[in-house]
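A.B. asks: Sequence annotations record features per position, and here Swiss-Prot assigns transmembrane segment to 21-41, 69-89, 92-112, 133-153, 169-189, 196-216, 233-253, 260-280, 285-305, 335-355.
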Amino acid sequence: MLYHFLYPLSAELPLLNVFRYITFRSVWALLTALLITIFIGPRFIRWLKRVKCGQYIQEEVSCHVQKAGTPTMGGLLIGFSLIISVLLWGDLTNVYLWLVMLVFTGFGLVGFLDDYTKLRRKTNQGLTARSKFLWQMVIAAVAMYFLVKEPAYSTVLSFPFFKNLQPDLGWFYIPFAMIVLVGSSNGVNLTDGMDGLAIGPTVVAGIVFSIFIYIAGHSQIAGYLQVPYVPGMGEVTVFCGALIGAGLGFLWFNAYPAQVFMGDVGSLSLGGALGFLAVLCKQELIMLVAGGLFVLESLSVILQVGYFRMTGGKRIFRMAPLHHHFELKGIPESKIIIRFWIMSIVFGLMALSVLKLR
């Protein structure tokens, strides 16, 4: 919005020419989302308490009993700050910006319905896994349909380390990308089981993809690093900046001991957005590295359930997702969180290193 109002005045006021730079607007999108989140956070948390949006705790995780009643649905705060920031600093004529907002909002709506159902039933059981998966797939399909219709966007799949291996999947690219979106969304959701555990790695992955997105939208840098160039993609860096800022602002209140939880409205929307960012910049497979922690958490659940069914009740882990396994081994929650953050940073650096390994 500010871009559309102020940049046209740059002919009379040369200082306003800075609004044409994506980097400038991305930094301010970050700062705006951060400040909005921190400023309205205390009032928002008090409101959640007043309307009794308290978290219900799994009986199996007895060490979390003291967290019962902590306000949830904090993802609404993330969403509000992010959307306001993007609307202020983004070029609202950019179709990719609107598509990532569609994914973020759509997945967030599914998460909101899940959280609302839990609160209404006064349990930790929300929407059924099948209905949640179905709605996620519908939103992903709609977003991908509009994305592949863009003339500048390609359905070619880029493989890390192999610059000449770029098969064109055609319409098969849509179901593949849908799996990336839904898998990423549920991966963040599974990771969100401790104070600050999910939002930290989400911010790290957001930083990684902000770099990939900016490069994908810059013809010269993309050509030099031999990554797919997508005209107009650089504008999505503004969304990445807002995501990072809103995430850091939320961490201010979600860090151990948490004053608020993001809920599914936060984890599903952020995870879906990260998956779509990977698709937008043609780094779908890099999501496995940049979001390595989410992959590990998801794999722990898949292995646990599969092994349990095959062996008639035996388990690989004491409890899944993986962070609960370490928790039940007696490792303090704060130490698990910091160690997982360190792992996410390492995964992020590994993902960025791929830029020079072609």
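Heads up, the Cβ atoms here are built off N, Cα and C, so glycines get one too.
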A.B. asks: Among 92-112, 133-153, 196-216, 233-253, which stretch has the most Cβ pairs under 8 Å to the transmembrane segment (21-41)?
C.D. replies: 233-253
A.B. asks: Looking at the stretches 133-153, 196-216, 233-253, 335-355, which one shares the most CB pairs under 8 Å with the transmembrane segment (260-280)?
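C.D. replies: It is 196-216 that shares the most Cβ pairs under 8 Å with the transmembrane segment (260-280).
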A.B. asks: In terms of Cβ proximity under 8 Å, which residues at least six beyond the ends of the transmembrane segment (285-305) contact it?
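C.D. replies: Hits for the transmembrane segment (285-305): 157-160, 180, 183-184, 186-188, 190-191, 201, 204-205, 208-209, 212, 271, 274-275, 278, 315-317, 320-323, 325, 340, 343-344, 347-348, 350-351, 354.
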A.B. asks: Based on Cβ pairs under 8 Å, which of the stretches 133-153, 196-216, 233-253, 335-355 lies most in contact with the transmembrane segment (69-89)?
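C.D. replies: It is 233-253 that shares the most Cβ pairs under 8 Å with the transmembrane segment (69-89).
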A.B. asks: Same-chain Cβ contacts of the transmembrane segment (233-253) under 8 Å, 6 or more residues past its ends?
C.D. replies: 22-23, 25-38, 41, 45, 74, 77-79, 81-83, 85-86, 89-91, 94, 96-97, 100-101, 196, 199-200, 202-203, 206-207, 209-210, 213-214, 216-218, 259-260, 262, 266, 270, 273, 277, 280-281
A.B. asks: Between the transmembrane segment (335-355) and the stretches 92-112, 133-153, 196-216, work out which stretch tops the count of Cβ pairs under 8 Å.
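C.D. replies: Between the candidates 92-112, 133-153, 196-216, the best contact partner of the transmembrane segment (335-355) is 196-216.
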A.B. asks: What residues elsewhere in the chain lie close to the transmembrane segment (196-216), defined as a C-beta under 8 angstroms and at least 6 residues from its ends?
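C.D. replies: Beyond its ends, the transmembrane segment (196-216) has Cβ neighbours at 22-23, 26, 188-189, 222, 225, 227-230, 233-234, 236-237, 240-241, 243-244, 247-248, 250-251, 254-256, 258, 262, 266-267, 270-271, 274, 277-278, 280-283, 286, 290-291, 293-294, 323, 336-337, 340-341, 344-345, 347-348, 351-352, 355.
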